[in-house]
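If you check TrEMBL, you get these features:
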{"type": "BINDING", "residues": "G96, T97, F129, D214, E215, V216, Q217, T272", "note": "pyridoxal 5'-phosphate binding site"}
{"type": "BINDING", "residues": "R132, S271", "note": "N(2)-acetyl-L-ornithine binding site"}
{"type": "MOD_RES", "residues": "K243", "note": "N6-(pyridoxal phosphate)lysine"}
Amino acid sequence: MISSVLPTYNRAPLAFVKGEGSWLIAEDGSRYLDLGAGIAVNALGHAHPALVQTISEQAAKLWHVSNVYRIPEQEALADLLVEHTFADTVFFTNSGTEAAELAIKMARKYWYEKGQPQRTEIIAFEGAFHGRSTGAIAAVGSEKMTKGFGPLMPGFRQLPFGDHDALRSAIGPNTAAVIVEPVQGEGGIRTLPDACLKGLRDLCDETGTLLILDEVQCGMGRTGKLFAHEWSGITPDIMMVAKGIGGGFPLGAVLATEEAASGMTAGTHGSTYGGNPLGCAVGASVVRIVSDDAFLADVSRKGGLFRQGLEGLVAAHPTVFESVRGQGLMLGIKCKVEPSEVVKAGMAEHVLTIAASDNVVRLLPALNIPDADIAEALKRLDAAATRLDRNAA
Ligand SMILES: Cc1ncc(COP(=O)(O)O)c(C=O)c1O
């Protein structure tokens, strides 16, 4: 008999009742060190006092009003994002997938309004993940994502990740935009080198193609900059944000330049819940904390500390681990065993990690994880790997 919850997830037999910083407390009271943070969502850990205060105060005032009215909390968050990024304007969504949908619509509408309606094609990359809507799966195009869900939305093309020559020959008179994650998350913490991102920007400039960056997972301080593209010095035309920006509250956004957004006039897009006062109040608290230079510098420092420890683990467990990758607190361990085995062994040691493609286990802890918890995480990961060493022996 089908479960009352649609069985689209292979869930671990674990349920949590409370969160405290980087820790989750299970039904039986036992504590788990959370290196997944809801897959890069709980950017400030669980129950951060400033966020608890913000959401409580806002909940007592106003949760939801329609976007047919001005929403001051939404305007305040949009102003903050405009102040801290390349963007001139922001649309709020409730998820990364909805941000992908708008990014696609915005790019196509741009060219339609410019009198080039044939420019509808969007180029994406193998190994990418942009969400589960029909548009987002068509963008990625893999059999795993699309099988059985056709007919797929037309107008997408996939190229090998980081292949500049393939991109140069693929961009043509029908190309509207290129969409890429500066660091692929689900794809296995695969970073697009700065030189590639710069080359991509140049190619887009030469051909007038819009550059859409998907920073749903790698943005909001995760790599040690507010947004990952800042490392390369380039800026996109359109950017998708979600996950960390709500600190655990469902919130996403599309940020754009005035030019890229020029087709999106009144009546062309909307959302009942997107940009509600509750979500935006929390989002503003998160952005204020995470955009602070000292906070971001500390993410880099913690990332360095964690990485150094992980390199030691790789050296100590050569039959389990192969290498470490990633930047800041968006880290991946390339494994020699099935990543799901590492995740399972971690659970047995009460440390939570997330599997990804390319045989990688992801570590995406809270950006404010205490140094002591990093040390504890390394100890537990070492114990988890020892379980697998024993299995291999
Ligand atoms: C890079 C990227 N884009 C888009 C999405 C989709 O976001 P959501 O699950 O909030 O719809 C995800 C989710 O994992 C993601 O990692």
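Just so you know, glycine gets a Cβ as well, placed from its N, Cα and C.
In space, K243 is the closest of the recorded positions R132, K243, S271 to G96 (pyridoxal 5'-phosphate binding site), judged by Cα positions. Those residues noted as binding pyridoxal 5'-phosphate (G96, T97, F129, D214, E215, V216, Q217, T272) have their most widely separated CA atoms at a distance of 25 Å. Each of the binding-site residues T97, Q217, S271, T272 was scored by how many other Cβ atoms lie within 10 Å of its Cβ, and the smallest score goes to T272. In this structure, the recorded positions under consideration are R132, K243, and the one with the smallest number of other Cβ atoms within 10 Å of its Cβ is R132. Using a 10 Å Cβ-Cβ cutoff, G96 (pyridoxal 5'-phosphate binding site) registers 25 neighbours. Checking the binding-site residues G96, F129, R132, E215, V216, S271 for a CB within less than 6 Å of any atom of ligand 1 leaves G96, F129, V216, listed in sequence order. When the CA atoms are compared, the recorded positions lying within 10 A of R132 (N(2)-acetyl-L-ornithine binding site) are T97, out of the candidates T97, E215, Q217, K243. E215 (pyridoxal 5'-phosphate binding site) counts 29 other C-beta atoms within 10 Å of its own C-beta, drawing on all protein chains shown. When Cβ neighbours within 10 Å are tallied across all protein chains shown, the highest count among the binding-site residues F129, D214, V216 belongs to D214.
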